[in-house]
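See structure below.
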Amino acid sequence: MQKNEICRGVVASLGSEGEGVINLISGGRAFVPGCIPGEEVEFTALKVGDNVVYGKLNRVLTPSPQRVTPPCPVYGRCGGCQLQHMSRPAQLAFKRDLVANCLKKLGGLNVTVGDTVSGGLEYGYRNKLALPVGVDAQGRNVVGVYAPRSHRIVPVTYCALQKEWCAPLLKNLLAFMDSVGLKGYDESTRKGVIRHIVGRQIGENYIFTVVATKKIDLSGLAAILDGIFPSYALWLNVNSGTGNAIFGKEWHLCRGEGTFQGEDCGVSFTAGANTFLQVNDGVRALLYEAVRAEVCSPQSVAIDLYSGGGMLTAMLAGNCAAAYGIEIVPEAVRCADELARLNNLSHKMHNLCGAVEDRIGEVLAATEGMERVIVCDPPRKGMERSVIREILKSGADKVVLVSCNPATLARDLGLLCGSLAEDGNKIIKNPVYMPHSMQGYYEIISVTPFDMFPQTKHVETMVVLRKI
């Protein structure tokens, strides 16, 4: 097969990115976004390697019954969504199968994965937006979403995943910029001022942040927003760096009090411009309640690893004798302390600052002999191996693991269950692994995917383990 060759094939399965996988006569495979298993499609080969082809879908010759019309006019050009062409049941099945396949192929774990839990909203579910601002080829200001695997901005006037307030915010930001002569930031030339617009909704309140390369006057934008949003805060963040981080270290409050009170699963909290909250309110509540249900004994002690701003730690503290949170970011730990104070939990919610691998030992030592449940929601890279070793040594009765990355989830579960083993710096399949009989390890009780991000390839997963 040659580059730019037009080909046909039948989609056999879906890859981890939600792309169609086509088995080629040559013995290789083609990966083509926008396909559904069972469809015959025509595609153009964009990149050809040894036994692998990456293609672009031209047309669907035999559509699947699960194919639907995407509502977004830039779907396929923007990199935000991968699954809008699939029906809701097909998306949920894909995410369940993705988790199951990762656990089997990468973790050596052949376990039953439950149906994907979904909330009520398929679109308009995001309580937060963070969109780049730049200029197009004609030098006009644009705001939008990055194209797949690039930093080229696809201009949008709204996003189907965002709530209704997204459209007027974007429209009036561009109008303000044009009226005062501010230009969007151009990464290639490092010219321009406005880099990102970030917004979030807390109840009936809004927090907006304009990210710029220097300190600028946003009073004109505030005057516009005053007529649209009854209750909001406007921040300016200065980021003069050249990396990919959205925020810099310099913050200026331009309108409002800067933070708002909220409530989630019975926990009161204060949210600011940079507070981490899951973007899907409905599914977040379902996930957190599922985790909390696993820590329901008044005598138990919860140990929350990678605890962030302490939201889950506070929920667990209300359910059990005590809860410990370990988080490396000092600002997040201060938020967790404030959360404990706000909810009258300071006597049994203990927040420790430091790397989990550095501080887990002292928490396990302090709680030795108690009924312990370890809750772990690590970043996408998963847990450090030293953390997994400490969990295995702890003898904790139960572990509840939450993950946004099925691949690293499979690796971590394999090490916790004994299907994988460390061999120096490598991780290998354990040749003596026997399900349900690995003394000193854990066994999986349940695996539940949560559709935190409908229309996208991403999935959140909760796994419950108990000590063998």
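Cβ coordinates come from backbone N, Cα and C, glycine included.
The active site, nucleophile feature in TrEMBL is assigned to C404. C404 (active site, nucleophile) is surrounded by 18 other CB atoms, counting those within 10 A of its CB over all protein chains shown.
Look at Q278 (S-adenosyl-L-methionine binding site): DSSP puts it in coil. For Q278, Y306, E327, D377, the entry in TrEMBL reads S-adenosyl-L-methionine binding site.
It is E327 that, of the binding-site residues E327, D377, has its Cβ surrounded by the most other Cβ atoms within 10 Å. With C404 (active site, nucleophile) as the anchor, the candidate binding-site residues are Q278, Y306, E327, D377, and the one with the nearest CA is D377. Secondary structure from DSSP puts Y306 (S-adenosyl-L-methionine binding site) in coil. Of all Cβ atoms in the protein chains displayed, 19 besides its own lie within 10 Å of the Cβ of Q278 (S-adenosyl-L-methionine binding site). Close to Y306 (S-adenosyl-L-methionine binding site) in the fold, though at least 6 residues off in sequence, lie I326, E327, V356, C376, D377, P378, P379, each with a CB less than 8 Å from its CB.
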